[in-house]
Amino acid sequence: MTTITITRPDDWHIHLRDGAQLKDTVRDISRYMGRAIVMPNLVPPAIDTETALAYYDRIKAQVPAGSQFEPLMVLYLTDKTSPDEIRRAKASGKIVAAKLYPAGATTNSDSGVTDVKNIYPVLQAMQEVGMLFLVHGEVTDSAIDIFDRERVFIENTLSKIVADFPALKIVLEHITTKNAVDFVTQASDNVAATITAHHLLYNRNHMLAGGIRPHFYCLPILKRNTHQQALLGAAASGSKKFFLGTDSAPHAKDKKEAACGCAGSYTAHAAIELYAEAFESVNALDKLEAFASFNGPDFYNLPRNSDTITLVKKSWDVPATYPLGDTNVVPIRAGEAIDWQVE
């Protein structure tokens with residue numbers, strides 16, 4: 001197969017950053033994505049409706065002329081988030097979800113939730129108004145090995161939330177383990193997951209064997225090949241529970257290539273192209289459209305996009321860097337080829 005036409009896809013998890021960087025991140029993701037769930041972990045984070053809506057306006061101001069790209073906003077949950085704030089956010093019409101960052105789990109998560117029981121009244125309000133609950137599913141206990149933090153979170157925390165709030169729609173984001181695949185598969189239809197392109201294409205050997213490659217360092221961290229294969233199986237299974245979320249997370253080159261580098265991989269420059277490679281690797285290009293264009297909007301109760309994009313099997317070389325505000329970002333596959341491109 002050398003050409004594929006699919007319904008315009010959406011990205012159900014992205015970091016666009018803010019300030020001078022917005023112009024570059026929005027340019028990249030709006031090339032062919034119809035919508036994107038925009039993460040709220042700014043500095044300071046988008047912890048209330050007013051802040052999230054102001055961020056929406058800043059993003060929209062950077063959408064290139066002629067693009068119909070629409071950002072979907074997310075509230076950043078803290079120990080102090082109130083049920084009333086959830087109702088305000090829902091009423092805004094622009095904020096479609098609220099996000100759990102366990103305090104300290106990832107970039108700019110220090111304001112996050114210290115104990116999930118602190119937000120139980122908020123989860124009840126979300127269940128009542130129909131707001132989605134997005135979860136960074138890792139524990140932050142320093143005694144837990146970094147490769148086990150997703151599994152332990154599912155066993156100790158997420159399983160209880162799912163049981164206590166059966167009507168709450170939950171997205172376990174950027175899953176990285178067979179444990180997560182199995183949990184989501186066996187859970188009710190109210191539980192779904194996003195999967196990144198880099199977790200489908202790479203495992204921890206790519207990051208650590210033969211030298212440390214910091215641009216593969218992200219959270220949750222890349223796992224064993226057996227987990228990578230489980231993710232590929234889930235994405236290509238045709239299950240409606242799994243959909244596209246790039247978790248594209250830009251950091252300046254010098255912040256990644258450092259003694260203590262930041263977590264995050266940049267894929268917005270070639271998101272659907274990288275997913276096409278992943279699906280082709282398991283002979284499942286016929287399943288790409290549902291994963292990229294149908295399952296996400298269906299789970300969010302939003303209309304599917306009505307137009308299409310066409311992918312062509314034509315190799316191209318990725319630049320060594322892309323502009324990122326007043327600095328540069330090194331993208332995934334920098335200086336190497338990608339097999340597919342959007343026509």
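Placed from the backbone N, Cα and C atoms, the Cβ positions cover glycine too.
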Review point. Considering the substrate binding residues His15, Leu16, Arg17, Asn41, His136, His251, Ala263 given in Swiss-Prot, which of Leu75, Leu168, Leu219 is annotated for that site as well?
Key: Leu219
Review point. Looking at Swiss-Prot, which one out of Lys99, Lys117, Lys160 binds Zn(2+) 1 in the same site as His13, His15, Asp247?
Key: Lys99
**Study point:** Chain-internal residues near His13 (Zn(2+) 1 binding site), provided their CB is under 8 angstroms and they sit 6+ positions away
**Key:** Ile37, Met39, Leu134, Glu173, His174, Thr194, Thr196, Gly245, Thr246, Asp247
Revision key, fill the gap. Once DSSP output is merged into helix, strand and coil, Lys99 (Zn(2+) 1 binding site) belongs to strand
